[in-house]
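Enquirer: The structure is given below, and queries will be raised subsequently.
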């Protein structure tokens with residue numbers, strides 16, 4: 001049996017852990033601008049290659065603290081193709097609010113600038129509700145653009161805790177292959193077929209850029225002319241291409257994280273999840289290893305990060321201004 005590593009154990013009791021309450025601001029809202037040297041608000045960023053368990057860890061952290069999750073996967077921002085893009089399911093999310101997940105039409109383009117603006121609005125919205133923002137996703141270039149903006153606004157306003165869920169590449173390669181097979185069993189071929197447009201072979205925009213969509217082009221255009229044996233052979237080649245492209249993506253994502261840590265000197269806490277994946281044939285053993293090696297240590301890291309300095313953010317409802325700004329940004333992304 002193939003265990004889905006990103007599945008959160010919603011129904012199992014969690015070990016005792018701190019619950020974060022943001023205290024009221026010491027100086028009042030009008031004094032914040034007059035106290036630029038005061039404590040910053042806190043943001044957790046979870047990074048990692050595709051398939052390493054980022055979503056699972058984000059939910060684990062969010063259910064142990066008062067937190068909400070902000071997606072940083074530029075493909076998952078779009079609506080549709082939930083299997084192909086491996087979006088977190090309602091069951092897996094355990095009731096934790098997720099932002100910027102499936103909010104744009106499939107054909108909409110999302111630039112790094114668009115994403116940064118939307119992410120900043122989401123962070124403000126989460127903080128205004130007295131919650132901890134957790135940014136999670138595989139689009140490291142967008143995360144870099146958000147955190148290291150040219151004006152240094154992000155780092156001047158927020159303290160960041162960077163967690164990197166890492167898996168040894170040979171082990172991850174095997175898991176990625178199994179995950180693609182599992183996606184096929186879950187209906188990936190049928191899902192892509194519903195989106196496929198014989199009159200349009202442009203895969204450079206929107207959700208059609210997702211790995212697992214353009215690879216099917218030759219299959220759908222030729223399957224009606226093939227016998228059963230040739231059809232299965234072609235499908236097998238398509239799936240192998242998807243597996244290869246997914247693993248190559250994982251390698252690039254890992255290289256980008258290494259660059260951020262070594263070249264740009266980001267303080268990134270690496271969490272090795274390799275032993276979890278080597279135990280994936282036994283769900284119980286894998287879950288125990290996950291808690292001991294990944295979720296538990298990450299919870300401790302976040303606890304120390306949050307208890308370092310109290311947040312300056314008062315407990316207030318999200319402002320209508322933030323909500324309106326988000327609506328405007330979503331509308332801008334719809335412009336072709």
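Glycine residues also receive a Cβ, built from the backbone N, Cα and C atoms like all the rest.
Features from Swiss-Prot:
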type	residues	note
TRANSIT	1-55	transit peptide
BINDING	48, 49, 50, 51, 52, 53, 54, 55	ATP binding site
MOD_RES	333	cysteine methyl ester
LIPID	333	S-farnesyl cysteine
Enquirer: Through the lens of DSSP with three states only, how would you label residue 51 (ATP binding site)?
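Expert: Where residue 51 (ATP binding site) sits, the three-state DSSP reduction gives coil.
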Enquirer: Could you check the binding-site residues 50, 52, 55 and say which one's CB has the fewest neighbouring CB atoms inside 10 Å?
Expert: 50
